[in-house]
Structures are given as C-alpha cells and as structure tokens.
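What follows is a set of notes on a single structure, which appears directly below.
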Amino acid sequence: MGTRPTPRSKRSAPLWGSLPAPLDAHKGKRRRGLTLLRRQLYVILESGRRTTASRIFDISMVLLILANVAAVVAETEPSIASSIRAELLLFDEISVGIFTLEYFARLWVCVEHAPLADKPRREARLTWAATPPMLIDLAAILPFYVSLFVAFDPKIALLFRLVRFLKLARATPALGTLGRVLYNERRAIFGAIVIMLGLITASAAVMYEIEGPAQPEAFGSIPRAMWWSAATLTTIGYGDVVPITPLGKLMAGFVMIAGFGMFALPVAIISSGFAAEIHRRDFVVTWGMVARVPLFCGLDALTIGNLVQLLHARAVEPGTLIGRKGEEATGMYFIMSGQVQVEFPSGPVMLGEGEFFGEMALIQSRRRAADIMALTRCSLLKLQSGDFSRFMLRHPEVYARIRKIADERLRDLKRRSELETEMAEITIEKGSQGDEIAG
C-alpha cells in the first residue's frame, strides 16, 4: 500500500517562501530608514526655527533669496552685467537647482504634516502642492525650465525671477502675519478704499467746476482733475498741477486737510490688525496667569515673579504639531487654555487647561516619546529645558510634584500597554482555535 501524500496546509508558506525573507527584512529596514529621514527633514523644512538645523536652513534660504533679488537688480545695470554676466548666469543656475531640491523635498515630507497624515500620500501631496506657498515655490523655478524650450524676452525673464522674493513669506513670519492681517481686515480696507475713491471723485468734481474755466488743460474734465485730487489727498503733491484762483486755493486747503484723515484710515486699520495678530500669537505672561497654574499654587509671590521671567508664551492653532516623536525635547509646556492630544503607542491621551506635558523627556533626558498636537486653539507657557533644570534645583518641592505626576502617567501607560497586549493575545488565541475547529 503506497504512502498517501500529505496535503499542504493553506496557512503554510510556499516552498520558496523562506528565500525572500532577508530581502523583506532589508526592505523593511530601508523603509523605516526613509521614514525616519523624512521626519527629520520635515522638522528642518516645515517646523519653523525649532532646531539648530532648521534655523540654519531658514537663514540660508533668506540669504539666497536676497542674493537672487540683488543679482536681478545688478543685471539691469549694463556696466555690471557686461563684466560678470557668466558669474550671474552660473549663480542663477545654482540657485534654481537649490530651489528645485527644496520644492521636491517639501513635497516629499508633506505627508508628515498632521492635517494630511490621514490622507493617501498622492492626495496629500497634490493638496500640499496646491497651497499658496508651494505655488510660489513652483513659480520661482518653473520659468527657468520653460526658458530652456521657449525663447523669453530678457526683461520678462528678469521679472519672473523677482517672483523668488515672495519666497520670503515662508521664511519670514512677519510677511505671513501681514498677509493674514490684510485678509482678516479685507472688509474694513475695502470700505476705506471706497471712501478714498469717493473723496477723490468729489474733490475732482468741485475743482472741475472751480478751476476748469481757468485751466482747461489740467481741470477741464473730472478725469483730468482726479490726478490733482489723488496727488493732494495722498499728501504727495507733485506740484505739476496747482489751483490758481482764490476759491480753488481755498478748496485745495480743505482737500489737503481731508487727505491726512483719508491716508490715516487704512494705515490705522492695518496697524491695529497687525497688533491684534501679534497679540494672538505671543500673549504677555503675567503674574496672575502663572499663579493660576495648579502646579505653582503653593509658591510664594517672589518665586512666581521669578518664574514669570522664565516662561515663554506661545499660542497655537488647531492641528498644529507642538512636538514630534523622536525629536529633541527643548522644554515642557503648561496649558493655559485649550486642549492637546498626546499620541502614545498605547493610545491617545487628552490634556486640558491647567495640565502640562513634555516633562518626561526632560526628567529622563531622552527624546520625545510621542507626537503632541493641538486639538483646539491653545495658549501655552513653555519652560525651556535649561531653565527647567535650574528652577527645579532651587525648588525641589515643585520637582517632586512633577515627578509624582510623571510616574503616575508612566504607570498608567504601562497598564494600558499590558492590557492591549493581553487583548491581542486573546484575539490571536481565539483565531487559532477557530482555525483548528475549521480544520
């Protein structure tokens, strides 16, 4: 009686299944390395000047952009352009190469941005590429590559290169703040523009009636008189057109006085909006604000006063990544208002007003163990790592409280991790029993 061949189990690996295992391990290691590299590059490119590398990068890009603008200005001077034309061309090519690498690097790391993390990578990158800063980056390099195939007028090419100046909006927070102010105050600014146009038209109509017969070339129509009205109301006063009749001169005096108020109106709107935007981002740390933090309730007035000098205010918008897993911890944060989410491997932890985070990395002198994201608009107080160490040495009772809360959090996280492990083992065991029954 022949031996009956044993059928191969459906769950067993194919005969060649063991061969690519080292390759799979190598691919997994390579993928993890690329992910780590992408996260590190994201911190440098997109997280602001939070690390030394990101500060060096931002400053270098600002200098490169300014140098490009200076090169464009220099090329318009024939004596300069003729003597160093080759050097200017080489500098432009190198700059475009750097800007191109920057553009594609930002496109590669954008999947690490918290609002795009849940989207498919292709969709996330397309969404990111359509944002205004990325469109400006594209406009800064695209004309160079188009000019390789299509002939451009040199003057038009120079104007396109000036678009690179707009890249400063990304590296210079003040320009971004001004853009937000103009957008937030757009209705008030539009109203001011309507008032300005109304004053220009009304004063031009009056001067047309008064000065028109005496100076038909300058005031013979309302459109002609509008040139004088615009120059006078904006307090420029070129002097090329002036009233010559007594009544016209009297009217001109009223128009000049109205010009002060008209010019001040949009300036006041923008300046007040700018101040409000700065206040939203960097609020002032006060004694009462620090005294309300539960951790500091037992401190005396002098100690709280000293602590006020150490804390730095920071306001963040919803979706902002405050801290990233694996990055160097630069301080701990106290939540004055709002809510943040700490993404531990065992699950997210929500923290609200009066609580703090970031202390574990400082106490244990290690990198951050979790991503920290703002769920709502938050007002935070940050205690830098160096100030943290010095303050805790002088006030061991505060350190003891922080250490106690940190230990409780660690125990809670450990319990959650053990519970998840037990649940996973139970699930695997049930699955194995189901397979045996099915077999």
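Positions of Cβ are set from backbone N, Cα and C atoms, glycine also.
Keep in mind the model is a prediction, meaning the values are calculated, not measured.
If you check TrEMBL, you get these features:
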type     : residues : note
REGION   : 1-24     : region 'Disordered'
TRANSMEM : 56-74    : transmembrane segment
TRANSMEM : 138-160  : transmembrane segment
TRANSMEM : 188-208  : transmembrane segment
TRANSMEM : 250-271  : transmembrane segment
DOMAIN   : 295-409  : domain 'Cyclic nucleotide-binding'
Looking only at the domain 'Cyclic nucleotide-binding' (295-409), mean pLDDT returns 84
State the residues, same chain only, that lie 6 or more residues beyond the ends of the transmembrane segment (188-208) and have a CB under 8 A from a CB inside it; answer 'none' if no residue qualifies. 182, 219-226, 228-230, 232-233, 243, 248, 251-252, 255, 258, 262, 265-266, 269-270
Residue counts (helix, strand, coil, in that order) that DSSP gives for the domain 'Cyclic nucleotide-binding' (295-409): 41 helix, 39 strand, 35 coil
